[in-house]
Structures are given as C-alpha cells and as structure tokens.
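Below is one structure, written out as structure tokens; comments come after it.
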Amino acid sequence: MVEFYAPWCPACQNLQPEWEKFAEWGEDLEVNIAKVDVTEQPGLSGRFVITALPTIYHCKDGEFRRYQGARTKTDFINFISDQEWKSVEPVSSWFGPSSFLMSSMSALFQLSMWIRHCHGYLTENVGIPVWGSYAIFALATLFSGLILGLIMVFLADCLCPSKRHRQQQYPYSKKLAPESAQLLKKLDEEQEADEEDLSDDEIEDKEVSNRNSSMNAVRQRPVNPATTMDKS
C-alpha cells in the first residue's frame with residue numbers, strides 16, 4: 001500500500017495518524033506500507049497520475065489498484081486481510097506506472113519541476129525580474145522548437161526524398177532473360193540495316209536527280225545566232 005501526499009495538504013495531515021497506525025500492522029498482514037511526498041518525487045506522481053491528495057494505491061504482482069474506501073485503520077486492515085482488493089479493477093496496462101505513456105508523463109512532471117526550480121533560482125538568487133525569467137523561457141522554447149523542426153525536416157528528407165533527388169528509373173533497368181536480350185539485339189541490328197539501306201537509296205536518288213538537272217540545263221541553254229552564221 002502506497003500513500004501519495006503533500007506536506008501542505010490538510011486532508012493528508014488528517015490521514016497521517018490513521019496511516020501510521022495502519023503501518024504498525026504491516027508485518028502481521030505481510031504487506032509493505034509506504035508513503036511518497038509528491039513535492040520531492042514528481043516523477044512518481046506523474047507515473048501514477050496523481051490528481052488528488054491524498055491518493056492510495058494497492059500494488060501486487062505488477063497490478064495497481066486505486067483504493068477508494070474509507071480512510072481509517074480498520075478499513076485499511078480489512079481491505080488487506082479480507083482481500084477486498086480483488087474486487088477492485090486494476091489499472092489498465094496502457095496507464096500502468098511502467099508503461100511508455102506513464103513514463104513520458106513522469107518525464108513531463110520532472111521537466112516541470114526543473115523549470116520551476118530554474119525560475120526560482122533566476123528570480124531569487126540571480127535577481128532577474130519575473131517577466132525577464134518568462135522571456136528567457138519563451139526564447140528557450142522557441143529555439144528548441146526551431147532545432148527540433150530542423151531535425152524533423154532533415155529526417156523526413158532522408159527517409160522520403162523528393163522526386164528531383166530520386167534516380168530516374170528506366171524501363172529496361174531490370175535484367176532481361178538471355179532469349180529476350182538476343183531478340184532485342186536482333187531487332188536493333190535489323191533496324192540499323194534498314195537505316196543503312198534507306199541512306200544508300202537516298203544517295204542514289206540524289207545522284208540521279210543531279211544528273212537529270214545537269215542534262216536539262218544543257219538542253220535549255222540558248223544558242224547565239226551570230227555564231228551559227230559564222231560557221232556557215
């Protein structure tokens with residue numbers, strides 16, 4: 001049985017005499033009885049999600065049950081000796097103190113307490129005004145957010161690169177079977193041969209057209225009448 005309390009809590013102060021009397025029965029009931037100061041252990045209060053004080057938990061075989069009965073020595077003893085704890089639904093494994101979610105919650109509680117201590121140190125020991133301390137924490141929050149954003153962008157670009165950085169994928173990049181490769185090679189050779197035949201035919205056509213044009217030019221050249229008279 002674990003009690004979570006705070007020294008400044010009036011209800012916790014009223015519970016202390018009954019809890020101390022119940023702790024004297026610990027050996028007879030074969031149960032460990034403890035208490036946790038949430039002001040000194042914020043991590044544990046975060047793991048158990050302590051939202052009200054005092055809060056009492058029964059822990060056995062990795063299962064955690066919240067005690068919600070009367071807060072007297074007799075009721076505590078009956079809860080253990082009569083095994084009344086078996087009728088209480090245990091906390092879900094998702095919200096158990098050892099789960100990842102509650103571990104994260106514990107880290108947040110510890111971070112909040114650390115910020116609180118830093119704020120007290122800056123305002124009381126260093127002499128910085130309260131608004132100055134808030135400004136420092138605001139700038140630190142913006143700077144840490146900027147760093148985390150850059151890291152996330154870098155990781156996203158490495159894991160999912162954009163299209164312009166991707167290598168072009170060719171349809172024939174995969175290895176072809178030997179028969180398919182030979183067929184493609186044969187088709188390429190036939191295409192090259194057809195292109196050579198076409199080029200030879202074009203050259204012959206050009207030569208024939210040049211000859212015809214030269215003969216037509218000779219036939220159409222005018223004859224001078226003076227030269228014909230001299231020859232006669």
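Using N, Cα and C of the backbone, Cβ positions are placed for all residues, glycine too.
Just so you know, TrEMBL annotations never went through curation; they're auto-generated.
Since we're looking at a predicted model, the values are computed, not measured.
Annotation source TrEMBL lists compositional bias 'Acidic residues' at 189-205. According to TrEMBL, the domain 'Thioredoxin' annotation covers 1-85. Taken from TrEMBL, the feature region 'Disordered' applies to 184-232. Under the heading transmembrane segment, TrEMBL lists 135-156.
Residues belonging to the domain 'Thioredoxin' (1-85) score a mean pLDDT of 88 in the model.
With DSSP classes pooled into helix, strand and coil, the tally for the domain 'Thioredoxin' (1-85) is 35 helix, 19 strand, 31 coil.
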